[in-house]
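Pasting in a structure now, in structure tokens, and then I'll have a few things to ask.
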Amino acid sequence: MMKKIAVLPGDGIGPEIIAQAMRVLEVLKADGLAIDWEFAPLGGAAVDAFGSPYPSLTQNLAREADAILLGAVGGPQYDNLDRPLRPERGLLAIRKDLNLFANLRPAILYPELANASTLKPEVVAGLDIMIIRELTGDIYFGQPRGIAVNELGEREAYNTMRYSESEIRRIAHVAFATAMKRGKKLCSVDKANVLETTEFWKEIMIDVAREYPEVELTHMYVDNAAMQLVRRPKQFDVMVTGNIFGDILSDEASMLTGSIGMLPSASLDENNKGLYEPSHGSAPDIAGQNLANPLATILSVAMMLRYSLGAEAEAVRVESAVKKVLAQGLRTADIYEAGCEKVSCSAMGDAVIAAL
Ligand code: NAD
Ligand code: IPM
Ligand code: MN
């Protein structure tokens, strides 16, 4: 059965990194993988073309597709638009619309990049953490939210951190099931000492744990977790946390791998339909210069092949190609070190295609 991919390049470096990822998909298709794709705008590109960051054309394509591949959205030229028109709202809308509640962000250190990390090589060597971030709840979506004048006549802004029991249960099951397939260690990150929402989160995690007696569940406050990630990151196997803590901790973890340009992600619904995107943003500071690292996006393609397209062999083929180019000493600027060969975004794409 032909599988359909919705491709949403987005803004900033989005089109540049997606162009390299598409070359990978073209090779796999030419070699017989039954896939097809169609492009649509999301974010600022969609505001420019259709006046909405998640227009109905994109929504219809994303809903009917088996998987979605996204570059990144956002840019300074959109930061003063009304909130509903902001590119980031388009991303939040597609995640919510498709019920993509489980965000998997694997922080893996490729041995060749041990010196690209800002941490000592021995601290990060062999690192392999799976961060599971709840993606459709928390303070990102909680109501009420807004800016209003309070009883004292002063302007006041507010957001609401909230999680329902079912929202926590379903992400807990994803986390425990993931831990079962890995090292059977799960660390749930919360701020239960202060916030009721995450105290409830912890209570549900403990309850779900009874169904997974083989998994060792631990709990850590988010401030300590941020510290432990740079102190002794290899103590972690699978981490599970809410939307906002997961956003922050996954960016932090990306630097353990050498660069945020290396961290892919999958955002899955209950049936493993997914949206795949690098964990980084649209990098306006380097957009249009052919400088971006396309590997997080190419590794996101591998995740898409594995989780949504049932193509494990092809996923391994793509990951092996990435390992090979790193072993060849090719580096984009963000992971460059002396003795290696500095390459552009498209030249990195050339090398991956050759290695495939
Ligand atoms: P960012 O991730 O875009 O950039 C942070 C830093 O990392 C920049 O210096 C950038 O050059 C660098 N960087 C990021 N990706 C890189 C890559 N592939 N190769 C080399 N360097 C890379 O975060 P930001 O600057 O905070 O945000 C920029 C815009 O992106 C904002 O509009 C933000 O809302 C948006 N954003 C979008 C997503 C997404 O689409 N999923 C994620 C994060 C931020
Ligand atoms: C990410 C981004 C998004 C988030 C923004 C752009 C809405 O930072 O995908 O990590 O906060 O989820
Ligand atoms: Mn983020």
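Every residue gets a Cβ built from N, Cα and C, even glycine.
What TrEMBL records for 75-88, 281-293 is NAD(+) binding site. Residues or ranges marked as substrate binding site by TrEMBL: ARG95, ARG105, ARG133, ASP223. The annotation Mg(2+) binding site is assigned in TrEMBL to ASP223, ASP247, ASP251. Among the features that TrEMBL reports, domain 'Isopropylmalate dehydrogenase-like' is placed at 4-352. Annotated site 'Important for catalysis' per TrEMBL: TYR140, LYS191, in sequence order.
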Return the single residue from the binding-site residues list (ASP79, ASP247) that has the minimum number of other CB atoms within 10 Å.
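Each of the binding-site residues ASP79, ASP247 was scored by Cβ atoms within 10 Å; lowest is ASP79.
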Using a Cβ cut-off of under 6 Å to any atom of ligand 3, determine which of the binding-site residues GLY75, ASP247, ALA283 qualify.
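From GLY75, ASP247, ALA283, counting a Cβ under 6 Å from ligand 3 as near, the near ones are ASP247.
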If you check the binding-site residues ARG105, ARG133, ALA283 one by one, which have a CB less than 6 Å away from any atom of ligand 1?
ALA283
For the recorded positions TYR140, LYS191, ALA283, which sit with their CB under 6 angstroms from an atom of ligand 2?
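Cβ < 6 Å from ligand 2: none of the recorded positions.
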Among the recorded positions listed here (ARG133, TYR140, ASP223, ASP251), which has the Cα closest to the Cα of LEU291 (NAD(+) binding site)?
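Ranked by Cα distance from LEU291 (NAD(+) binding site), first place goes to ASP251.
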What three-state class does DSSP give LYS191 (site 'Important for catalysis')?
coil
Just name the winner among ALA283, ALA287, LEU291 (the binding-site residues) by count of other CB atoms within 10 A of its CB.
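Counting every other Cβ within 10 Å of each candidate, the maximum falls on ALA283.
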If H, G and I count as helix, E and B as strand, and all else as coil, what does DSSP give for ALA283 (NAD(+) binding site)?
coil
Starting from ARG133 (substrate binding site), work out which of the recorded positions listed here (TYR140, ASP247, ALA283) have their Cα within 10 Å, and give them in sequence order.
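Matched recorded positions: ASP247, sequence order.
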Would you list, in sequence order, the residues of this chain other than ASP223, ASP247, ASP251 that have their CB within 8 A of the centroid of the site's CB atoms, where the site is the one recorded for Mg(2+)?
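Neighbours found: VAL222, ALA226, ILE244, PHE245, GLY246, ILE248, LEU249, SER250, GLU252.
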